[in-house]
Structure formats: C-alpha cells, structure tokens
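Participant: Here it is, the structure, as structure tokens.
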Amino acid sequence: MVFLNALESMLSITLLSLVGYMLAWKGWISREVEIFIPRFITQVVIPPYLMSSVLLHFNHDSFLSLIVESVVPMISLIISFLLFLALGRLLGMDKKHLNLAAVGAATSNTIFIGIPVNNALFGEQAITHLLLYFLGNTLFFWTVGNFAIAREGTKADHRLTRRELLQRIFSAPLLGTLTGIALLLLNVPVPRFVTETCSMLGGLGTPLALIFVGVILRRIDWKTAHMGKDIILTLTGRIILAPLIMIALVRILPMQLPTLAEQVYIIQAGLPSMTQIALLSAFYGADKEFGSVFVCLSSIVGMISVPIWMTIISTWL
C-alpha cells in the first residue's frame, strides 16, 4: 500500500513533467520562456515560499532545537562525496569527470524536485526537515562541490571570484530561508496577508518546476547521449549509495531524530542530482555532456526509485 501511494504521488509528478514535455514538443515553450521559468521560480516563487514556511512551521524554541539536525545531511554529503571518489578510482572511472561524478552522486535537487516530492509524500508538515537538508546541501555544493568541479575544468583561468561565489552560496532561495529565520529569532511580527501572499506564490512553484523538467527532457538529444559505465556508476551512487549512507548515519548517530526527519532525509538523499552540476561543468570547461546527461537520467530514474525507497523506509523505520 505504501508503495502504491508513493507511486501515485510520483505518477502525478511525472504527468506534470509530461505536460512540459508536450508543450515543448508542440513548440509552445520558446527559448525565452525556457529561460524565464527557472529564473521566475528561483528568484520570485521559492524565496518567499521558504520564508513563509519557516515562519509557519517553526517557532523560536523549536528552531533552536532542530537546527542541530542540519549536521546530519552535511555529514552524509561529505561521506557520500569521499566514498564515491574512492570507489570511482577503484573501479577505473575516467579521471576527466571523476570529481563531477562524485559531486553529482552526493548532492540532491532539493528545490526543483525536492519540494514537490516532499509535499507529495509527506505533506507540508515535513517542510521543516527539508529546509534543514536544503541548508546543508546548498553550502556543500557551492563550497566543496564548486571547488571539485573547478579543479577538473580545462578553463584554468576561469574561476569564480569571491563575490561570485558568495552570490551563488547566498542564492535567492537561501536568502529567503535566512530572512525567515532572522524574523523568527528576532520575534518580528509578520502580517498574515504577507505570509498568505508568500504561500500563494509558493503554490506556483511545484507545477512550474515539474513542467520545466519536462521541457528539459524534451531538449535533450538522446541520439548523442552516451550511456556509458561511468554514467551508470554515478546513477548508482546517487540513487542507491547516497540513501544507504543516510540510512546508516541516522541509525548510528547518537542524536535521536524524529521518524519523519529520518524519512525526509533518506528520500532527499536519493533524489535526482542538482541541475547546477550541468551549468558548472560548462562554466569551468569540464565534461558538460556527462553532466547534462547524468542530471537528466537521474531525474528519470528518480521517478522509479523514490517509491521503492519510500516503501523500504516505511517498513524498516
């Protein structure tokens, strides 16, 4: 029953992505619209949604007690990254994209895919744990991940400046989250009409993000996409290894996490990889084809693997 419920949730997500695929196939989505959608979601929709989520689902005391949880995803990300680097070398992965693959295997798409999946499987009450995972995931990607991919790039002189790096770390979604945290900790009263407006804006995020995923899948030239051993290994790391590491971590760590937090973290650990991996690989002159194909394939495989992981954790946790 759990598997069927999770499968139904993922099917609704898949259907929304299919809408985007069909719109792109029909030619309704121009390149300008394709650029506008992710910018609108990340800059306009998601930041106020995350801010209002912090204010609605946390209070001053609960936030201070829960913030300790954020070390769990950070530890999981570091272990996943280092372990995949070691396994990649051991299994003879091509060195030209080993770092890129390790970052892809470790990090999750906590915004575009994570929020829709989280809400579909667990409901709004789980957003608190997703926000904590998001904080760790974002900081890891734009520090360790950025450095690792940059080392692999052919553009030796093409490096992010300190200002550019800070702008990427403190992205609009992260700033929205931090604004909510600041208002919460300072006990600043926020009018209800503001939080309601933010929540309504947030309602646009899930369908638009999933439609955009479908558009991207339509744009991929599958005839030239290379499905080699390294792609399969990286997908295995993202979909299987990372969730297993998170399961082991929540079992052995001395802190007692709520069952819902454990479930959210495990599902988040097994989601498709961050789309920014493809962007950074192109920016630094790394293997951008590998990055793009991996991101898209992880999105497809994730639709199947998430219900399986949901069944496993519902049975064993």
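Cβ coordinates come from backbone N, Cα and C, glycine included.
Just lifted these from TrEMBL, have a look:
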- 6-24: transmembrane segment (TRANSMEM)
- 36-58: transmembrane segment (TRANSMEM)
- 64-86: transmembrane segment (TRANSMEM)
- 98-118: transmembrane segment (TRANSMEM)
- 130-149: transmembrane segment (TRANSMEM)
- 169-188: transmembrane segment (TRANSMEM)
- 200-220: transmembrane segment (TRANSMEM)
- 232-253: transmembrane segment (TRANSMEM)
- 265-286: transmembrane segment (TRANSMEM)
- 293-316: transmembrane segment (TRANSMEM)
Participant: Spell out yes or no: are there three or more C-beta pairs under 8 angstroms between the transmembrane segment (232-253) and the transmembrane segment (64-86), with each pair 6 or more apart in sequence?
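Facilitator: As far as Cβ distances go (cut-off 8 Å, pairs 6 or more apart), the transmembrane segment (232-253) and the transmembrane segment (64-86) touch.
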Participant: Under 8 angstroms for C-beta pairs, at least 3 of them, ignoring pairs fewer than 6 apart in sequence. Is the transmembrane segment (293-316) in contact with the transmembrane segment (200-220) by that rule?
Facilitator: yes
Participant: Count the Cβ pairs between the transmembrane segment (265-286) and the transmembrane segment (130-149) that lie under 8 angstroms and are 6 or more residues apart in sequence, then report whether there are at least 3.
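Facilitator: Checked: the transmembrane segment (265-286) vs the transmembrane segment (130-149), in contact.
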Participant: Cβ pairs under 8 Å only, please: of the recorded stretches 6-24, 36-58, 130-149, 169-188, which one is richest in them relative to the transmembrane segment (200-220)?
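Facilitator: Stretch with maximum Cβ contacts: 6-24.
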Participant: Pairs of Cβ atoms less than 8 Å apart decide it: which stretch in 6-24, 130-149, 169-188 has the most with the transmembrane segment (36-58)?
Facilitator: 169-188
Participant: State the residues, same chain only, that lie 6 or more residues beyond the ends of the transmembrane segment (6-24) and have a CB under 8 A from a CB inside it; answer 'none' if no residue qualifies.
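Facilitator: Contacts with the transmembrane segment (6-24): 34, 116-117, 120-121, 206-207, 210-215, 217-219, 303-304, 306-307, 310-311.
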Participant: Can you name the far-off residues of the same chain, 6+ from the ends of the transmembrane segment (169-188), with a Cβ under 8 Å from a Cβ of it?
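Facilitator: 42-43, 46-55, 58-60, 63, 111, 131, 134-135, 138-139, 142-143.
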